[in-house]
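> Got these off TrEMBL a minute ago, pasting:
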COMPBIAS  1-11  compositional bias 'Acidic residues'
DOMAIN    78-152  domain 'Cation-transporting P-type ATPase N-terminal'
REGION    1-59  region 'Disordered'
TRANSMEM  132-150  transmembrane segment
TRANSMEM  156-172  transmembrane segment
TRANSMEM  344-365  transmembrane segment
TRANSMEM  371-394  transmembrane segment
TRANSMEM  834-855  transmembrane segment
TRANSMEM  871-888  transmembrane segment
TRANSMEM  917-938  transmembrane segment
TRANSMEM  964-983  transmembrane segment
TRANSMEM  1015-1035  transmembrane segment
TRANSMEM  1047-1067  transmembrane segment
């Protein structure tokens, strides 16, 4: 298992500088010479308290009258290795005044707008082509052409209408999906503040050019890649680019030696799309648009994947594109459902041709119009004409259902695909966790322990319980007993009081209660500490209240060179003053006046907290002389004013203010998991899905969160698994062969880079796993595109990530992914249900028509058991609405207790194939029985037999009466059997008479079962009612459908329905008895997928 041995302590998350009662401004500008060295963990005394002071670097100024093209060669990738004067010289700019507007205009024309182009969007033509390019549509087009070729305009027009319906429905849905995702896009930095020709102005970010001087403040989004020229206490949130969950401190004065330093470690650079969380700065633009780091990642998304070398151009590229296009047209490129339907459509096409050849061979290839019509009938019977329309509509309805569950579907097929995932690769910060820090553990010097449990909102101090040495602590209220009030007052004395005062006063965050909830501004760490103090009623405003409260005298701001912050405040009673210090343990421990034994105990406790995934802060205090920080007026009262130089020099000695500290305690903070995460992870594991955490955070933090939400608590993986937890650096060192040799891929990967995430996805693909990748940052985008289903975050996600994704979570919640998977599985089940229904009908018709070749009229011509229009009516009108009703079925109760379906098989499982042939054969045989019962069983059948020319029209001499009545009986039987099948297909194994025992029991449960899905119930009812006008209306029956009214034949229809129900129920009983098909599918609780 990869590990990191460094103690996980708070290092770079201290607050911005705030106004003091009394400020001393001192210039700390770095003199010419080599850059300042990077300080170690035990730095020299750092600068004194200041507002304006900063480590700055003077920037040189070259002539701006020349064009940028005449500047010496400059590589933005190496800007971090150059000093500010060198960058200014190369870019012909000035670190104080910037460039002028004329030069900016010339450079804008040369470099282009500062825009990051996302992945190539879908044009209307592309969306339309995607609807046409599938095999089922092509088969229908061929059938339509043949129908019109033989002047069968009615059938041709009906098929044409089906094709148009399929295309229009698919086009509208895909177009709406593209429009929806556009609403999620937001400009990263629409405007920015710059300095041109010494004048400050605000311009559109797209007008920035290399050499511009940009001013940054708290909350600003960095508009381009900048080399810092000046910085004051600057911290940048680079989570979208590097995956680091906490802000990173930046320094203009640093000059790095190594050009290949990772982006996250380039402390003198800030990059486009990152956010300023603390301090202020000015920076020189070194790259814009697609040349920025964000632009380079976006360019990866714009690439089409496999690029050829120059020698592979020409014919090879043409052949490759032709092959790729052919795969798309045939449906072999896409999600499992698309691939399965593509292969299925080719099979149907081949079967249609084969059946047509059989029909032609029976007539000894003497293809007359009647023979050709019969061949088309058979071809039409093979094709489920309404499949595409039903599939598209059902998926569109599922998309709207997903939208209600906070998931926006960008690609229609992704909804089905997500139901078959075996592995989820999820980011931690903001997805599995809340993305906000919470102080939940305190350890004091006297051994007192405080913990916070049950917090539901990181900014709300009223949520959760306070445990003080294992006992629940509560602030006094109107109902508090005197004994409880005494305990509370005692708690506010001593060491805990000192600790709470320290974290509240040595703090610049602000937490306030709004109309509906608490809001906070400041650094995440300081917000968490302020909320902790508020839980005990000792927040900063309360401590600084007028009339005897504390008063701030001086502040020594956080500096990463010393990793601590100190404030000097008067004591509560106005007698004396205290210095309050907080910071990283390794920065404060050497300053504490205590024994080595006690220091070892402190380190051990800090290590224990760090092992729990907590970020550790050390808190200390000391008594100081307030007279050093106060000046007395002539009346003897203390006033805020400038001290003499000698006093100022004494004040500036930070080392004196921070030495001989008294240790108070340790605070443990963490980014808490979302309340829904643990249940969502458990649900995934119950469904046979393995959840992997891929994060840029520290391995200890990631491991603790993984344990807390259950990723590492599964029975499938034990603590002895060597590769459960790995650091990305260790994983990246492995070859593909070594990764493939692992029994399982790591469940937790810490310190991940974009390359690591892509390698994980590729490793899963080699294991034949179907994976989902979630992410919010630009750094996640290549992996999102590489994965089978990419899911981006809608609230905090980058534009590039959203464009690369197949789905977008509007609430950034991991639990919504589980909703998507459940909806995907429901859709998959329902697709199987309506596929079963449609294919049963097709198989029955093929059996009926092929055997029907043996039915001859008086001239030896085969008689159609069903007319072409009856076939289309059954397939398009009757079956379509029934299939759509099945597509709207609710999820089965056990939908998330089954393993993912076999991706190699897709929707056409063995159970589906067996069922469709058994039910289809039964239905076809019963339809044959109904036809023969009427055609050859009618009393008084004369020598006219089945008549002559009855395939084309009603014979005026009445010789077609028997044929038309037999055809009407067959059509009615087929229709009623399809109606019954719709209800039987609601579940593959359970009996229609006891289908949902969880909901209904008793002999009347069947009526509640069939009425539960109202759409399906009304579809069956309408299908039943509409049979009668089709059979009995004059002209409609004989001229259009080529059948006639029936009377006694209803007995044949009823008998066939009873026999069919008996056959279906018997087969379901056999499957239940012998655990066949879906009756045997169950996943071991807590067991994940194979990868």
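The backbone N, Cα and C atoms fix where each Cβ goes, glycine too.
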> Could you give the number of helix, strand and coil residues in the domain 'Cation-transporting P-type ATPase N-terminal' (78-152) as assigned by DSSP?
47 helix, 1 strand, 27 coil
> Which whole-number mean pLDDT does the model give the domain 'Cation-transporting P-type ATPase N-terminal' (78-152)?
81
> Test the contact criterion for the transmembrane segment (871-888) and the transmembrane segment (344-365): 3 or more CB pairs under 8 Å, pairs 6 or more apart in sequence, then answer yes or no.
no
> To the transmembrane segment (834-855), which of 371-394, 917-938, 1015-1035, 1047-1067 is linked by the most Cβ pairs under 8 Å?
917-938
> With a Cβ cut-off under 8 Å, give me the same-chain residues at least six positions beyond the ends of the transmembrane segment (156-172) that come close to it.
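Same-chain residues near the transmembrane segment (156-172) but 6 or more away: 127-128, 130-132, 137, 140-141, 143-145, 147-148, 380, 385-386, 388-389, 392-393, 396, 412, 869, 872, 876.
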> Between the transmembrane segment (344-365) and the stretches 371-394, 917-938, 964-983, 1015-1035, work out which stretch tops the count of Cβ pairs under 8 Å.
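Comparing 371-394, 917-938, 964-983, 1015-1035: 371-394 has the most Cβ pairs near the transmembrane segment (344-365).
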> Short question: most Cβ pairs under 8 Å with the transmembrane segment (917-938), which of 371-394, 964-983, 1015-1035?
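By Cβ pairs under 8 Å, 964-983 leads among 371-394, 964-983, 1015-1035.
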> Should anything in the same chain at least six residues away from the transmembrane segment (1015-1035) have a Cβ under 8 Å from its Cβ atoms, list it; otherwise answer none.
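Cβ under 8 Å, 6 or more out: 873, 877-878, 881-882, 884-886, 888-889, 968, 971-972, 975-976, 978-979, 982-983, 986, 1041, 1043, 1045-1046.
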> Are there residues at least six beyond either end of the transmembrane segment (964-983) with Cβ under 8 Å to its Cβ atoms? List them, or say none.
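Residues packing against the transmembrane segment (964-983) from afar: 837, 840-841, 844-845, 848, 864-867, 870, 874, 878-879, 882-883, 885-886, 919, 923, 926-927, 930-935, 938, 946, 950, 954, 992, 1009-1010, 1016, 1019-1020, 1023-1024, 1027, 1030-1031, 1037-1038, 1041-1046, 1049-1050, 1052-1053, 1056-1057, 1060-1061, 1064.
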